[in-house]
Amino acid sequence: MTMQITKDDLVDATQADDRSIDELYARRRAPLIERHGARIRAFFAAVLPPMIVLTILLGIWQLLCIKPTSALPSPSRIWSEANDLILHPFFIAGPQDIGLGWRVLTSLQRVAIGFGLASGAGVLLGVIVGQSRWAMRGLDPLFQVLRTVPPLAWLPISLAAFRDSHPSAIFVIFITSIWPIIINTAVGVRNIPQDYRNVAAVLRLNHLEFFWKIMIPSAAPYIFTGLRIGVGLSWLAIVAAEMLTGGVGIGFFIWDAWNSSRLSDIFVALAYIGVTGFVLDRIVAAIGAFATRGAQAS
Amino acid sequence: MSYLRIDHVDKVFTSGARATRVLEAVDLSVEKGRFVTIIGHSGCGKSTLLNIVAGLVSASAGGVVLENRQVDTPGPDRAVVFQNHSLLPWLTVYDNVRLAVDKVFSRKKSRAERHDWTMRNLELVQMTHAKDKRPSEISGGMKQRVGIARALAMEPKVLLLDEPFGALDALTRAHLQDQVMALHRTLGNTVMMITHDVDEAVLLSDRIVMMTNGPCATIGETLDVALPRPRDRVTLSTDPHYLECRRRVLQFLYERHHYVEAA
């Protein structure tokens, strides 16, 4: 679509007695403006409300903590004390004095290992529990009990077993995020329509072919629901685990800041954690939406 | 000599202490290349019978013999067209058929041959134009055609049709019935179809098998339809033999074995 007036339009315009060129011009432009207008409106409809709410909340916070004696810092004080953390996420000024971006990346690396292991093991266990009635009867009650154990309760056991903080933190991620993956995969496998099983039976698909061609695509929406819950839980757990195990992760940064009474830094770190968790969730959701496109029966 | 033989098949479903005898002493012989329809009221166990032939359900007693060999597990030699098409929604039309072709002809045909064979079967049901669409993007009638193509692509000894047109509107159904008749004429498959539509049964079949009501359903009567092929539904609508066959099936279903509402 061009907005230019072509020669044909001009001819048209000269032929039409009561239509001016301006009118024609406006007629051709109108849909374009409308189309862009709709997109701009949609953008503002999505962005404006949270911005307004955020501004109001920051304003209230500012008012509540405006006194110099208040226990918590106000937004303006956080900005003046910790703007280097906000503005420069990737500085390195010493072995323990690095930007929050690096710390988040360190934590993300642990999450990636722990969550990656949990995804693989969780899907496999879920498939077994979903496929076999006896495995379900034997394992499901165990899973239902274990999944309610809070992440940090695993930490001492894990420290005792691994005698090192790094694998311990990864184990805590693993054990925290695996349950929803197992349970959702099992439900997904149990819900494979009998029709698909019949198709597989008539075709005489072997176990491996059934796994890749029927089971995984059919259970994919459930599996990704489990992965999404799992990645959220691992991000919750890593921060808590790092507070206790030390190192350079974002969790330890908060603990360190608390010990040195840098409250403003903690607020900035919280914002980093929140945004990162949100992004993680959206990434897994997006992968899920991509991988399961067309998977829903009709 | 019979090609497919259902030999004294019983089926008992047990749930807990309660046992329900669904089929009792079902005996049926089908010659090669014949189109046989099984008709009966819903709940009479005709789908169970088809599933036993398909091997998806095992008979409690008796068995099924195909070409002198007993069959009791599912396999591509008895391809099923399911009532609700059962296409895999994450695969395209082409891939749904190709999956079957790849599995059945993995050793017998080369890659290129398997592609050609997939396309041949999509051509048979006139679905090549939609080969890259997913099942959710095509109509119910089209899905059923793809289902038929998938079944035909397995080169089955017996083609099993489980109420294949049940979920379709009347016009689409008539169109598909004509297509199935045309396919049967060109390919000469042995076909066993389940239906509860009297006209469909008379129009398509060489023989109609009428089942009594369950529980303990069995074959009440068989009727040979000696109408010449190709058959045309409009001409047949006034044909005396067609009308007589129709009358006899209706009489069986509604006078002698009328449907009883499950208590």
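Here the Cβ of each residue, glycine as well, is placed from N, Cα and C on the backbone.
According to TrEMBL, the feature domain 'ABC transmembrane type-1' maps to A:104-288.
Outside the transmembrane segment (A:42-64), and at least 6 residues removed from its termini, the chain residues within Cβ reach (under 8 Å) are 70, 74-76. According to TrEMBL, the transmembrane segment annotation covers A:42-64 (among others).
Per TrEMBL, transmembrane segment is recorded for A:111-130 (among others). Within the chain carrying the transmembrane segment (A:111-130), a Cβ under 8 angstroms from the stretch's Cβ atoms is held by residues 136, 139-140, 143, 169-175, 177-190, 211, 215, 219, 223, 226-227, 230-231, 234-235, 238, 280, all 6 or more beyond its ends.
The feature transmembrane segment is assigned by TrEMBL to A:142-162 (among others).
Residues annotated as transmembrane segment in TrEMBL: A:168-189 (among others).
Residues 119, 122-123, 126-127, 130, 180-185, 187-189, 191-193, 196-197, 199-200, 281, 284-285, 287-288, 291-292, 295-296 of the same chain sit 6 or more residues outside the transmembrane segment (A:210-229) yet have a Cβ under 8 Å from a Cβ within it. TrEMBL lists A:210-229 (among others) with the feature transmembrane segment.
Marked as transmembrane segment by TrEMBL: A:235-255 (among others).
Sequence-distant contacts of the transmembrane segment (A:267-291) (same chain, six or more residues past either end, CB-CB distance under 8 Å): 73, 78, 82, 85-86, 89, 100, 103-104, 108, 111, 220-221, 224-225, 227-228, 231-232, 235-236, 239, 250, 253-254, 257. Feature annotation from TrEMBL assigns transmembrane segment to A:267-291 (among others).
Within the chain, the transmembrane segment (A:142-162) has long-range Cβ neighbours (under 8 A, six or more residues past its boundaries) at 129, 168, 171-172, 175-176, 179-180, 182-183, 233, 236-237, 240-241, 244-245.
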